[in-house]
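S.K.: This is the structure I have questions about; it appears just below.
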Amino acid sequence: MKRRAVLAALSAAAAAGVLGSLVFLAIAWQTEIPAMAPPKLADFDAATIHRGAALVAIGDCVVCHTAERGPAFAGGRALETPFGTLYATNITPDQRTGIGNWSAAAFRRAMRDGVSRDGEHLYPALPYEHFTRVTDADLDAIYAFLMTRGPVLQKTPENRLIPPLGFRPLLAGWKLLFLHEDPVLPVTGQSDEWNRGRYLVEGFGHCGGCHTPRNIAGGEERGKPFAGGIAEGWDAPPLNAANRTAHPWTVDAVYRYLRTGMDAEHGIANGPMGPVAHGLSGAPDDDVRSIAVYVASLLERDGPKAGSLPPVDREVEATREHPEGAALFAGACATCHGPGAPMMAQGRPSLSFVSALQADHPRNAVQAVVNGLPAAQAGRTALMPPFGDSLTSSQIGQITAYLRSRYSERQPWTALEDSVEEALNAKEQP
Amino acid sequence: MTANTATQLSRRTFLSGSALVVAFSLSSRAFGQLAGGGEGSAGPAVVAPHLPGSLKSSPMLDSWIRIDADGKVTVFTGKVELGQGIRTALIQVAAEELDVPPTAIHLITADTVLTPDEGLTAGSHSMQDSGSAIRNAAANVRMLLVREAARTWNVEPAGIDTDGMGNLTGPEGRTLGYGPAASSLSLHVEAAADAPLRDPARYRTMGASLRRVDIPGKLTGEPAYLQDMRLPGMLHARMLRGPSFGTRFQSSDIAAISALPGVVKVVRQGNFLAVVAEREWTAITALRKFQDAPFVRTASPLPSGDVAATLKGLPSRDIGILDTRNATAPAASTVNARYSRPWLNHGSIGPSCAMAHFQDGAITVWTHSQGTFDVRRVVAELVGLPPEKVHAIHVEGSGCYGQNGADDVAADAALIAWDMPGRPIRLQWTREEEFGWEPLGPGMLTELEASLDTDKRIVTWKHEVWSNPHNNRPVGAGGVIAGGEVAKPFPVPEGKPIPMPEGDGSRNSNPLYDLPNMQVTYHFLKDMPLRVSALRSLGAHLNVFSIECMFDELARAGGVDPLELRLAHMKDERAREVMTTMAGRFGWQSRARGDGVRGCGMGFARYKNLGAYCAVAMEVEIDRETGRVRVRRAVAAVDSGQAVNPDGIRNQIEGGIIQSLSWTSREEMTFSPDRRTSFDWSAYPILRFEDMPDTIEVHVLDRPGLPFLGTAEAAQGPTAAAFANAVADATGLRLRDMPLSPERIKAALGAI
Amino acid sequence: MTIILNVNGAERRIDAEPATPLLYALRNDLGLNGAKYGCGLGQCGACTVQLDGKAVFSCLLPVAALEGRRITTVEGLGTLDKPGVLQQAFETEQAAQCGYCIAGMIMRAQALLDRNPSPTETDIRAHMQPNLCRCGTHMRILRAVRRAADMMSGKLAILESGQ
Ligand code: FES
Ligand code: FES
């Protein structure tokens, strides 16, 4: 149903383009940019490469362009979309399978116009709609960084898309509708930090890629920047005043969250946000702080700005409302999250501060219960076991309802059952 | 009568089956001596220095071996199974020298009533101490059996043989079973030093990879561990303690906890607090209720600087380890380097557990401590009973790798049982408690300086090591946590260094290499800012790491192959052979050379310069973007003397390589001033399956008839060095501070 | 409260508080030793059992959640006299040091082989990721799982009994 609508929209867009617009042809027809000999380390200066490294950490290229357990930037990671499966490409400077023979101009065109060196249109899984806002100098720095990585010979698997989307010129129609060139100009009256943060967030950081809702054809909705979206089955919460958390977000809280993946008053970055925070842990400190300044300004809401709230704990009421959930919680969750749990003495967030339990939609709370927080492959981080294999959907529903009731003062969730089914189904099909 | 003969008499009484309860006094035993394990526990006195292994302290044959009239053989050892396979290896040793099938042997491990006291099971000493004792005792017994048959048949002993099935065979087809022969023989005689050992060429059992006797039960859920013990009327206990050593919870409502349904008692002795319940889950719920309170720090704050700053800030007693002067060519190039290791956790998968039962004025404690006899001493002092009223029995626990919480939990359980006569108490420490309270492996620091002359010969060698004592094994009540909590606390004994050649922080600081002008100094730091004690290999982990990294640093400075530089300075033939065997199997000459991504490195040591020889090489591949290191392959060669069970040796070395890789590349205890912050597996990650090397190969050198050399800790140092050397080869970067974590490697690599 | 558990194919009645994690019921009420306490936090896998065929942490599984569900512990795979395929493979490979983690390893591996009888090396490593071993027996555990897969697929013989 949804899929058919998407197809229709895309085809219509394409058809409109084909019939009515020379502009479309101009976009659809792209020439090949000649291959060149791969640049050498000496072709770049160190400062440029370092700047590129910092940007790449912020843009988190490595997350999408690395297959699970595969070499970094060598592509091959599958991205499930409503239109089929896309595979991230190899962006190491390998000449045959990567971008080794791309010139800086070819790279810039790919990043801005979504056109590969050989003239093929790229799918907007590459968020070129954000990269249009990145300066030439920064794109060149990113290019310098990528071209000085070790080349990895690794062929990208063929995309598996529903017809006719495998026909790439159609993408020109998509671009016509959704690709806009609007550089991020400094806002006077705002601090340099804020402006820097905005540039990074709107540009290479492409936060809107997840946090802005998408329309039926997969484009970001222009009128609703940062109004919240969905990514890989997780809620990307709104980055505006609608963001409901127990504590207001402060610059420090956003900074801690982005830098360490955890803030004691908001919880832990999970789902697709986990790798983003991991990437930012290696980004330059002042850039992360700038991002925090800008994001905190978006999140600003009325009411008290800071100060620790006492945790909400409606244990008695919640137990009365959800006795089964209470028993399940006592055996499955309390050993880490209950009062007196050693984890709590170690500064891990109280459940009443965890944003997922305050949110309008139960999606993230359910996801956390079903999938847990995976044992990270490296590094020191929170670790929560998944319950999707051990508890039934109704039990997961009961636990989650109990958590909402015990640790928040908000309305019970209505979409709970659907969310549980959705998360369990997604888990079944790896 | 000396205490020692009392022990022997008591044993005979027991062995003859006429008395079950045996009382003997230890009051005159020499406490505080270095004993088996060489790790500073109280040990038995040496009474027969001319005998091998633990026969030195327990020379009578019936301390070790008993043969029933029906030919059943029971062998006693004071050492214990820790997962190292010692049970199987000792059975093999006894079976070989007695010349019976291994299945005929029943082995009893450390039990203060039944077995000899062999001190700790530690320091890779079990084969040296107990293996040698049992081997020679068995040879003695076989000799006596042969003589007995000779007497019976009235023939020369030379004409008598054994058939491997527990029979003596003589001329004209005569045979006599061991049972009948033994029944007219007393084994309560002192071992002779020169009983003939079996000819290695005729070995039937030793040298074969016998399957481990304890594995089948562990695979099928048979009761195999102390944790699996259930005694009638048993109660479940949990300790009520703060989040980590040196903390205490404030203002928990003890009355409310006592009143919880199913709670039998809250035991309180001074600051010692434990909850005892009919059901385990009740005890856990009570513990959580107790912990729902703020805690206070009762000891001085934990250090906030890095390892180097912390250790260098402590008063040091400087101990000279080596000081040699030789005339050499002048130095042409000199390398200075500082290496460090953080505090590490033992990380046993099963947290510590103990069972205790106080009845009729005597306490029985079941413990998985490495020092069963020490547990008796500790408990006796803690509750004020004479040692003979304390019976400590070893039951296997989870692998322990040094002094984890096992001794503390045994004392805890005994103190609870002491307060609740008649009911067996099962006390299980929690995972968080094990992280928070166990003694850690000490953080350490070394500084090395070495130089080469123009001929690439090493001409000076200086090694300084800073370390806390590693041997804080409890030998009295002051050494366990409970001893500091009771109403009249016992003073914590001052840490002491273990003298060389075993050493503790100084272990393996004396290079086995043939080097001129060696100056090695141990800066012994008795004040311990964190609770520490023995962790597998003690100081050898960092000392070998430092020496073997320095060899590679010198090799690089001098443009020599790292293996060549080592061989050029090694005279010990067995060491050379271990290195060349490893190099041959690894393909060292044709190895991939460091290219920014791949690289190879090696490390070598003879553990304590007394134990097994071990060389490790590995090939690594680095993901420069994440800093993650994948070990493509690791190859080790090991010489453990006579290999009793080659597969057992391989298993130990494989395990040592993996554990050392985890320590070296990932692990670090973290703490804030008020508590340890590594409290679970999320805050103290260790390597998991996806971090494992692609392959590990271990080659065991065949050394028929040579003395056993301890193996269990031999791989720790060489592995650590091989890893760092391979990373250096791959990247050109020398990382000297453990852990060589992905984050550190990525940071060191930078973007270019 | 009385709860009926289906353990290793038999109905077992226990009397326990509904929140009690299965681990304690198995060990203390049913006298089964296979599932071990390692962390009680779902971080180490020592307590792994199969629940309706999937590998789960029994330390975080309240008994109240389990009526009508099928629980298998290592005792359910075989015995000393008649070991199951994985148990035979672990024995052949001598895949244990202290062995404390091993029952959990076997149960997790069983869940994989039930679902995928011929897993790749990468599949096995990824699947075993939740379970920790401190002795460093990993390489042998991996070998044992591969051997069991080969036994099940007929590439290697399965013994009828222990020997
Ligand atoms: S004991 Fe259950 S996962 Fe550790
Ligand atoms: S064998 Fe000891 S923990 Fe795995």
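Keep in mind that glycine also has a Cβ here, set from the backbone N, Cα and C atoms.
Keep in mind that TrEMBL annotations are predicted by a computer and have not been checked by a curator.
Sharing the record's features from TrEMBL:
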- A:47-150: domain 'Cytochrome c' (DOMAIN)
- A:Cys61, A:Cys64, A:His65: heme c 1 binding site (BINDING)
- A:192-299: domain 'Cytochrome c' (DOMAIN)
- A:Cys207, A:Cys210, A:His211: heme c 2 binding site (BINDING)
- A:320-407: domain 'Cytochrome c' (DOMAIN)
- A:Cys333, A:Cys336, A:His337: heme c 3 binding site (BINDING)
S.K.: DSSP three-state call for A:Cys210 (heme c 2 binding site): helix, strand or coil?
M.R.: helix
S.K.: Going by DSSP, how much of the domain 'Cytochrome c' (A:47-150) is helix, how much is strand and how much is coil, in residues?
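M.R.: Grouping H, G, I as helix and E, B as strand yields 43 helix, 12 strand, 49 coil.
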S.K.: What same-chain residues, at least 6 away in sequence, bring their CB to under 8 Å of the CB of A:Cys333 (heme c 3 binding site)?
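M.R.: Correct list: A:Ile399, A:Leu403.
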S.K.: Report, in sequence order, every one of the binding-site residues (A:Cys61, A:Cys64, A:His65, A:Cys207, A:His211, A:His337) having a CB within less than 8 angstroms of a CB belonging to chain C; if no such residue exists, report 'none'.
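M.R.: Contact set vs C: none.
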S.K.: Roughly where does the domain 'Cytochrome c' (A:192-299) sit in mean pLDDT, to the nearest integer?
M.R.: 93
S.K.: If you take the centroid of the Cβ atoms of A:Cys207, A:Cys210, A:His211, the listed heme c 2 site, which other residues of that chain have their Cβ within 8 Å of it?
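M.R.: Near the heme c 2 site, the remaining chain residues are A:His206, A:Gly208, A:Gly209, A:Thr212, A:Phe226, A:Gly229, A:Ala231, A:Ala236, A:Leu239.
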S.K.: Specify all same-chain residues, apart from the site residues A:Cys333, A:Cys336, A:His337, whose Cβ lies within 8 angstroms of the center of the Cβ atoms of the heme c 3 site, ordered by sequence.
M.R.: A:Phe329, A:Ala332, A:Ala334, A:Thr335, A:Gly338, A:Ala341, A:Met343, A:Leu351
S.K.: What are the other residues, in sequence order, whose C-beta lies within 8 angstroms of the center of the C-beta atoms of A:Cys61, A:Cys64, A:His65 at the heme c 1 site?
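M.R.: Result: A:Asp60, A:Val62, A:Val63, A:Thr66, A:Phe73, A:Gly75, A:Arg77, A:Ala88, A:Ile91.
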S.K.: Using DSSP, what's the helix, strand and coil tally for the domain 'Cytochrome c' (A:320-407)?
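M.R.: Breakdown, helix to coil: 51 helix, 2 strand, 35 coil.
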S.K.: Can you tell me the CA-to-CA distance separating A:His211 (heme c 2 binding site) and A:His337 (heme c 3 binding site), as a whole number of Å?
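M.R.: Taking the Cα atoms only, A:His211 (heme c 2 binding site) lies 28 Å from A:His337 (heme c 3 binding site).
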S.K.: About how far apart, in whole Å, are the alpha carbons (Cα) of A:Cys207 (heme c 2 binding site) and A:Cys61 (heme c 1 binding site)?
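M.R.: That separation, Cα to Cα, works out to 13 Å.
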S.K.: Consider the binding-site residues A:Cys64, A:His65, A:His337 and say which one has the Cα lying nearest the Cα of A:Cys210 (heme c 2 binding site).
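M.R.: Result for A:Cys210 (heme c 2 binding site): the nearest of the binding-site residues is A:Cys64.
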S.K.: What Cα-Cα separation, expressed in whole Å, is found between A:Cys61 (heme c 1 binding site) and A:Cys336 (heme c 3 binding site)?
M.R.: 34
S.K.: Test of understanding: give the count of other CB atoms lying within 10 angstroms of the CB of A:Cys61 (heme c 1 binding site).
M.R.: 22
S.K.: Using a 10 angstroms cut-off on Cβ to Cβ distances, just flag whichever of A:His65, A:His211, A:His337 is the loneliest among these binding-site residues.
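M.R.: Checked A:His65, A:His211, A:His337; of these binding-site residues, fewest Cβ neighbours within 10 Å: A:His337.
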S.K.: Does A:Cys336 (heme c 3 binding site) have same-chain partners at least 6 apart in sequence with Cβ under 8 Å from its own Cβ, and which are they?
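M.R.: Set apart from A:Cys336 (heme c 3 binding site) by at least 6 residues yet with Cβ under 8 Å, we have A:Met343, A:Arg348, A:Met384.
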S.K.: To see if you understand the setup: which same-chain residues, six or more apart in sequence, place their Cβ under 8 Å from that of A:Cys64 (heme c 1 binding site)?
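M.R.: Expected: A:Arg77, A:Leu79, A:Ala88, A:Ala125.
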S.K.: Per DSSP, how many helix, strand and coil residues does the domain 'Cytochrome c' (A:192-299) have?
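M.R.: Its residues fall into 48 helix, 12 strand, 48 coil.
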S.K.: Can you tell me the CA-to-CA distance separating A:His337 (heme c 3 binding site) and A:His65 (heme c 1 binding site), as a whole number of Å?
M.R.: 35
